[in-house]
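Visitor: Below are the structure tokens for one structure; questions will follow.
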Amino acid sequence: MTRRLIVLFALLGFASAAQFSVPLRKSGSLRQKMIKEGRYSEYLLQRKSAGKQNLFDTMDEFYLADIFLGTPDQHFRVSVDTASSVVWVLDVLYCDSDNCNVQNVPLKDTYNSSASSTFQDSNKTFLFPYQEISEVYGFLGKEKVSMAGFTLTNQDFIRATVVPDFYTEQPVDGVFGLGWPDQQELKGVGTPMQTLLSQLDQPIFTIWMQRADNATKESSGSITYGGFDGEACDKNIQYLPLAQPGVWGFFVEGWSMGSFKGTQNETAISASSSGWTGVPTATFSHILKATKAKFDWELNAYTVSCSTIERQPDLNLNIGGNTYTIKSLDYVLDLGLNNGHCALAFFSSAKMNADWILGDAFIRGYCHVYDFGNSRVGLSKFVKRD
């Protein structure tokens with residue numbers, strides 16, 4: 001289970017305007033219900049023509065979004081990732097990873113290049129590491145990418161044939177990267193943000209989200225491209241310089257949880273695709289003591305009693321001289337485990353390229369403004385609670 005923890009959240013949305021916002025809502029079993037009733041295809045077309053795009057929240061662990069590739073459209077549910085910069089989807093013919101083409105284990109949508117009139121083959125293969133624990137390999141090409149009425153033409157993308165196990169074990173068809181274009185592993189591959197930035201009022205995008213407590217909640221969050229979401233987010237923004245050039249992140253100057261604390265200056269990555277929080281190894285040990293979490297050998301994860309969700313101590317982070325809090329309601333997840341156990345949504349970041357991996361547990365408390373123009377990340381309080 002530990003290998004799949006870092007890339008389990010996604011937000012995505014585009015519209016053909018200089019600034020646009022995409023509402024998010026919980027999916028639950030809505031997709032399966034619509035498929036059974038024969039309404040899902042009509043539902044996708046309505047959302048596309050309306051210029052908005054809903055996101056699917058699965059057990060507060062990750063979020064997915066719809067994109068469309070090719071002519072005619074081929075539909076995919078993807079993870080949107082601020083920690084990477086490429087677009088990839090599973091290939092229909094050549095994917096060698098487990099479950100790529102097995103229906104309902106979980107259900108996958110795969111890309112068929114022969115069915116698209118806008119596909120261009122680059123006749124190159126592409127391999128890049130994923131967070132130093134695995135890799136994505138596939139064939140490089142160009143394609144039309146559409147989402148919520150907005151279109152990226154001749155967009156570089158990868159028809160993936162080998163991907164990390166955690167993707168094929170989850171209902172994820174691919175990834176849409178929102179990271180910087182100058183990452184070394186890209187090797188000249190064009191990123192979606194390179195195409196999009198010149199069309200925006202401001203070279204920024206804003207993400208906010210909230211926990212999906214029930215299936216009736218209308219909105220689980222949104223992403224706004226080209227502007228700041230002043231309705232959902234407090235206008236008092238603290239901007240932080242990037243800790244590493246070309247990486248969405250900043251410094252964590254200290255932390256505390258219960259009687260434990262640390263004061264070392266450490267790097268953090270803002271990872272919109274991570275449903276779990278990565279922490280330094282020493283910090284992870286202290287968190288286990290503070291929460292009294294026990295290792296479940298059957299589940300291969302640390303757990304606490306679900307009855308303690310609201311009583312576990314806060315994790316406080318010192319960032320830019322201010323205190324930011326991850327509450328237990330966000331770092332303890334009820335994933336339907338055995339014997340009333342809930343998952344402790346932390347993992348050791350020992351093999352990652354930053355000390356802290358701050359994903360949706362952190363973003364649920366604070367809006368994030370990703371500012372390409374000034375190479376910084378802004379944090380503000382999330383004020384909207386539907």
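Including glycine, each Cβ sits where the backbone N, Cα and C put it.
Unlike curated entries, TrEMBL annotations are predicted automatically.
Model, not experiment: these values are computed from the prediction.
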Visitor: According to the record in TrEMBL, which candidate from C233, C306 pairs with C342 in a disulphide?
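Guide: Its disulfide partner, as TrEMBL records it, is C306.
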Visitor: Where among the disulfide-bonded residues C306, C342 do you find the Cβ with the fewest other Cβ atoms within 10 Å?
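Guide: Output over disulfide-bonded residues C306, C342: least Cβ neighbours within 10 Å is C306.
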